[in-house]
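Q: Straight from TrEMBL, here's the annotation block:
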- 37-56: DNA-binding region (DNA_BIND)
- 14-74: domain 'HTH tetR-type' (DOMAIN)
């Protein structure tokens, strides 16, 4: 089918909502979400642009569908025998993999217009169930789950920021931060007084996002447990 045929009203039986969403995800993964346009999706699928609107109403609807599909591809596993703390670490591991593979989803999940689709709500429910083991209310468990997600997203952001800022998919070598220069012993300026002790110490843990991710989850869980004890 030619693009003219598609735009004239003839329906391509191979064109489905799932195919449109999959093509959009491939474009976003390859070139960043800014590269995702209806024209490029249509070209990728070999159809006319207007035919896409039979399946997605606009770009916001497309982004909601894309982010939900990514969530479906990265589900939280059955809980099994994992306790609430272990499930928090499992969520961090799953989400880390999701964001590293599809960094543009970080922005989609941050926007009220395109976040909390059906799959996100399923994952939120999974975490709330875990935190309910602390004998707290559903609202309190939901606060804990959202706080955990915010920590995960914030930690991941440091690893994908350049790809998002430059709207590119390649993972070229990134420059060093001011903290890394300080730890290496060559601070760009005289260090602030409480950081002077760190100059030249190396300490790779302080700029290892995976280490900071897990340490942060453990610290949050310690705080959640202490708070739950106070609330009971």
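Cβ from N, Cα, C; glycine included.
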Q: Averaged across the DNA-binding region (37-56), what pLDDT does the model get? Just tell me the whole number, please.
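A: Per the prediction, mean pLDDT sits at 94 for the DNA-binding region (37-56).
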Q: In the domain 'HTH tetR-type' (14-74), how many residues does DSSP call helix, how many strand, and how many coil?
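A: Counting residues per DSSP class in the domain 'HTH tetR-type' (14-74), I get 47 helix, 0 strand, 14 coil.
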